[in-house]
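Here the structure comes first, spelled out in structure tokens, and everything after it is commentary.
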């Protein structure tokens, strides 16, 4: 993803009030994305029981969202360059809102899995656009660093709030309310974006490679299926081998295609940059750990300890909430101490 350069004078640049209001809007979009990644952790036992879903279907209800989103994210950033990030953000909001309605009123596990996959399409369209709009709007480097810190903090807040909000809603409403809560936020964000966001700047000459996105998705889905089948009490060799082969072939074909394209979705040479590689690995391992802890502990608290969804959600939220102070302070001091000390946790 890249931000299409624009020349703006002081007269045409957005005012400070408009900039921070727009940050609120795009951060709300990011909050929804991360919220829906964790909101089912506390709701899953109730949801599985009322829908009559199997344990495998329950896991796919959880995983359809992050897997599909991860497979589409690389391509959606480039597509945003092509069609304009303002337009991409609005498209993502519309898809996300429609998918939330479909998920809330799903009558079968299969329908809910499909709705979660559609939610991921909307989320993948929104996420790169939120950061791109921040980079376009905040031209001052120090302001931009603070804005990105707030953006990142909201991602952590969404992860923490997901189990709490689902627990609160399940105290009084049916499981579909955990999806329906997205709709008013989406409507408000659409209206605010139309008013506040800078004019759409598209780059039609920017190439977007759909096959690359599909290959990445095949690799990720194959890997997830292989892991799930291996974890069963009586794993079957054929599904594991087929899914593993799809993951290997999809990943190999994706990497091979990127090396041949003049404008690849992922330029593997960037991983030679140690600072970038360190940041990717640090973020990946931390997100992996937090998501795993939240999912496993919410299930144990409810199914083994007999806790209510709200109590379970409050307990696991402490994991994500503990990261808030360092996220805010790290972003505020990034311009002063640099990237690597913050990643290492050594900033003063």
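Each Cβ is built from the backbone N, Cα and C atoms, and glycine gets one as well.
Copied from TrEMBL, the annotated features are:
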type	residues	note
TRANSMEM	20-44	transmembrane segment
DOMAIN	22-348	domain 'Major facilitator superfamily (MFS) profile'
TRANSMEM	59-76	transmembrane segment
TRANSMEM	88-107	transmembrane segment
TRANSMEM	113-134	transmembrane segment
TRANSMEM	146-166	transmembrane segment
TRANSMEM	172-196	transmembrane segment
TRANSMEM	208-225	transmembrane segment
TRANSMEM	237-255	transmembrane segment
TRANSMEM	275-297	transmembrane segment
TRANSMEM	312-334	transmembrane segment
Recorded stretch, among 20-44, 59-76, 88-107, 113-134, 172-196, maximising Cβ pairs under 8 Å relative to the transmembrane segment (208-225): 59-76
Among the ranges 20-44, 59-76, 88-107, 113-134, 172-196, the one whose Cβ pairs under 8 Å to the transmembrane segment (275-297) are most numerous: 20-44
Positions whose Cβ lies under 8 angstroms from the transmembrane segment (88-107), at least six residues beyond its ends: 26, 29, 32, 51, 76, 79-80, 114-116, 118-119, 121-130, 133, 176-177, 179-180, 182-183, 186-187, 189-190, 193-194, 197
Stretch among 20-44, 113-134, 172-196, 237-255 sharing the most Cβ pairs under 8 Å with the transmembrane segment (59-76): 113-134
Reported mean pLDDT - the domain 'Major facilitator superfamily (MFS) profile' (22-348): 83
